[in-house]
Amino acid sequence: MRTYHCFWLLFWAGQPHQSFLTLLSKRTSGFPEKEKVLVLSGNSRRDLSRSKRSWMWNQFFLLEEYTGTDYQYVGKLHSDQDKGDGSLKYILSGDGAGDLFIINENTGDIQATKRLDREEKPVYILRAQAINRRTGRPVEPESEFIIKIHDINDNEPMFTKDVYNASIPEMSDVGTFVVQVTATDADDPTYGNSAKVVYSILQGQPYFSVESETGIIKTALLNMDRENREQYQVVIQAKDMGGQMGGLSGTTTVNITLTDVNDNPPRFPQSTYQFRAPESTPPDSPIGRIKANDADVDENAEIEYSITEGDGYDMFGITTDKDTQEGIITVKKALDFENKNLYILKVEATNTHVDPRFLYLGPFKDSATIRIQVEDVDEPPVFSRPAYIIEVKEDVPINSVIGTVTAQDPDAAKNPVKYSVDRHTDMDRVFNINSGNGSIFTSKTLDRETLLWHNITVIAAEINNPKQSSRVPVFIKVLDVNDNAPEFAMFYETFVCENAKAEQLIQTLSAVDKDDSYSGHQFSFSIAPEAASSSNFTLQDNRDNTAGIFTRKIRYNRHEMSTYLLPVVISDNDYPIQSSTETVTIRVCACDHRGKMLSCNAEALIHPTGLSTGALIAILLCIIILLVTVVLFAALRRQRKKEPLIISKEDIRDNIVSYNDEGGGEEDTQAFDIGTLRNPEAIDDNKLRRDIVPETLFMPRRTATARDNTDVRDFINQRLKENDTDPAAPPYDSLATYAYEGNGSVAESLSSLESVTTDGDQDYDYLSDWGPRFKKLADMYGSMDSDKDS
């Protein structure tokens, strides 16, 4: 418990005959007794001076956190004018007056009503005054005094963070800085050791230590390995009172993580790996994966794989999967089981990031042996060449062998192979192949001038397994032979003037040859022997593949000979020599003195257009036939006369229209016959439905001839009654009223002709008197009457 003692504070009046106020206060034991005298004049202060009717006091000290049941006594105000008769009244104002601090207005005793906390407010400034109770006037000037709250150790140290997080590299040296923790104490640092904090470690030894005054945490153990332990939890205590017994304390937690360094080399879990790869594996295809283990993480665990040696150094490669840190073994070149079926490689795994500080731990790499077994697969035949080029002369006979392709089964079984030509590449079937030995031969004649290159594809397939096949292109070049005679470069037709002179050039000739000539074409020109002696012209070979035609005589007469045909023989210089005879047409024309053509005969005028005589005759015949056809067609059209629509103004025509009237249903196959109505005697039997077999057959009876004056309605009612009594069919037919067009015609309706009278007393001869318009009707009914009579 806390004990309290008294100390005296005196306030003196500085002049005689003046009253003075004495302020008394208690003091706590343990503090030396002190006495201060302050002289205040009015509201101002001056140390060790006197002033009329002034307050004299010292500052008060009050302990915080008072726990007693009574009010805590602070001090006492007293004036020398107070005679104890209750005439004076003491008033207190300022910080906490009336709330935290109260004063007995009669005695001047000051008390604290609540627990005070220095950490909330360390100093209170109050004002005191004594007044006359009766008049209310102050008997002393108002002055201030101070109450200071004395601190006690009632606050424990508080860390700035509840939890600290820190990290350091593994394998750090002893004394490596980790983190600094800080704790604060709310007590008065200037009073005693209440706010003096000392740090200590409660948990985390022997790995870490803390400096007692600064709170700096350092490593205390050498070579802490993250792979053994990564997380550490350290508890730090902060205690006030300089760490002495009885001081208050607080704790915090520090989570320390060891970060990784590259202190572990990669290691293969096994020294030898076995893989199998079919020989059909395409290049750049993976065949397996290997992985070296590294206890480090992140970039310190990154590994680069490489093939260092082995007989498959050029056949295989290895790459690193950056996500899984695995080595992917791939095929670089095509494998061949028959050539080599086992490869042995040495693979090395190396860290890409190496810390020089830990090189003493050994080389940061490891190696392993890889055995790759190549598996045999059924492969297609392989040709001896990737492509074949064959040259053949165009005059080679049919069925001649021009070349051979060869393919073999690369497998150990050496299956036999058959050959064929892909007909999509040889649609004309110019070539064929021996399926057994691959000999290619011609099946048709070749012509270099038609097609120089033939590109075909030959297929080689295993006989036992035709699906195993391969293809090879065969390029066949047709070589030229001299099988084409030279010919004129164009059609030559020229003219000669009647007044031409001898040895005059009238035309220059040139020739072409479809064949190739390795030494160049050399053509020779001459007049055919049979025409050389009688020719009116001469031919001069220019020795440059051209020739000139010259006149042999002076003057030509077109009336005697209008056209000359000059046969020219053209020969080449290749072997065998080819020659041809071409004809030059020469027209005789009239010319002026300068040699310009004025006129020729009709044929000569036509021919320059480029058309032959036969072509002109064919064109003329076509024109004549076309003209004759047009004339005949026009004549026939004019002879055809169209019947007039109306003969006269009184010509009135009625059209007989045929109507298909429904009413009997779809199964009623017996159509309504208007002819029967006109000729009642034609009704000679009873018509039954064709699609229904009647249950009771009855003999058809002959319908009686209609009586005189029987109209169409009576006849229809009779037929309707017969159909209604048919026991084998429902009543499909019903009475229908038929309307006939033609009302208003002078001849009235056709039905009236039949219904007015019977056949017995009706005479249709009067129809002939109605004119040509009723001739057809009169013929119809007139012939009917004649039939009756017969």
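The backbone N, Cα and C atoms fix where each Cβ goes, glycine too.
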Out of Asn437, Asn723, which one does Swiss-Prot list as N-linked glycosylation site?
Asn437
Name the residue among Asn455, Asn743 that Swiss-Prot annotates as N-linked glycosylation site.
Asn455
Listed glycosylation sites Asn437, Asn455, Asn536; those within 10 A of Asn165 (N-linked glycosylation site), CA to CA, turn out to be none
Take the Cβ of Asn455 (N-linked glycosylation site) and count every other Cβ within 10 Å, whichever protein chain it belongs to.
10
Hey, how far is Asn455 (N-linked glycosylation site) from Asn437 (N-linked glycosylation site), Cα to Cα, in Å?
20
Cα of Asn255 (N-linked glycosylation site) to Cα of Asn536 (N-linked glycosylation site): how many Å, rounded?
128
Which residues does Asn536 (N-linked glycosylation site) neighbour through Cβ under 8 Å, counting only same-chain ones at least six apart?
Thr551, Arg552, Lys553, Tyr556, Tyr564
Cβ-Cβ distance under 8 Å to Asn437 (N-linked glycosylation site), same chain, at least six residues away
Thr404, Tyr419
Per DSSP, what is the residue count of the domain 'Cadherin 4' (384-486) in each of helix, strand and coil?
0 helix, 45 strand, 58 coil
